[in-house]
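Colleague: Pasting in a structure now, in structure tokens, and then I'll have a few things to ask.
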Amino acid sequence: MAHRTPAPTLDTELALATALGGGGNQLIGGCDEVGRGALAGPVSVGMVVIDPATAGLLEDVRDSKLLKVATREALVPVIREWAAGWGVGHAAATEIDELGIVGALRLAGNRAWANLAESARPHAVLLDGSHDWLTAPGQPALLGQGTGATAPSYPFDASDARVSTQIKGDLLCLSVAAASVLAKVERDTLMATYDELEPHYGWAINKGYGTAAHRQAIVEHGATDYHRCSWRLTAPAATR
């Protein structure tokens, strides 16, 4: 499959594993979020754990936003087989309203961490972006709630793994790109399910983002329990 963008590599993961030292192979967890800017639905976080010293490259994996739907879906079993471990967590719209988006990201990240097999928990987490929202202050009392997620029994703590941020990690780092694919496919599936329950908003197509048609549907039909009601739902879409 031909791609216009360069393939992400394992260079950053290998450098991080080397920096950890301690001898032996070090597990690195790539981590990325999807749904941060949507008006409806959860924010979702994926985590893919690898041993960069032994993991091979996956030729077709890119940042999930750059891939066609069919390609993303076909890559899910490939990524799961390739990884030493993987987990996806979600924080619902009501939790985003309660905690704010950064707190909700941490909540979803904790759920992704909790969904990792205990033997696959990494020594370090490589987080897309410039801000460490995974270890920011949160509300552990809410960890048992959420959209389609198992209540975590092992919330992430700063002592569990070193967190390293990487700007454009989803473009540069294979484990982060893989995490974005898993999170994107799970979230899109949830939004298609919600679309069947609330068919006025076009979520199967817009995935909860603020298209003109989605905003007009909110004006005509009102907000639902799946909308982030603390957000300006009918304001013009921001330019990003």
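Even glycines carry a Cβ here, placed using N, Cα and C.
Please treat TrEMBL annotations as automatic predictions, because they have not gone through curation.
Taken from TrEMBL, the feature domain 'RNase H type-2' applies to 26-240. Here TrEMBL flags Asp32, Glu33, Asp128 as divalent metal cation binding site.
In terms of burial and nearby residues, how do these features look in this structure?
Modeller: Long-range Cβ proximity for Asp32 (divalent metal cation binding site), meaning a same-chain Cβ under 8 A and a gap of 6 or more residues, is found for Val45, Gly46, Ser64, Leu127, Asp128, Gly169, Asp170, Val176, Ala177, Ala179, Ser180, Ala183.
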Colleague: Tally every other Cβ atom lying within 10 Å of the Cβ atom of Glu33 (divalent metal cation binding site).
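Modeller: A count of 28.
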Colleague: With the divalent metal cation site defined by Asp32, Glu33, Asp128, which remaining residues of that chain have Cβ atoms positioned within 8 Å of the Cβ centroid?
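Modeller: The surrounding set, listed in chain order, is Cys31, Val34, Val45, Gly46, Leu127, Gly129, Gly169, Asp170, Val176, Ala179, Ser180, Ala183.
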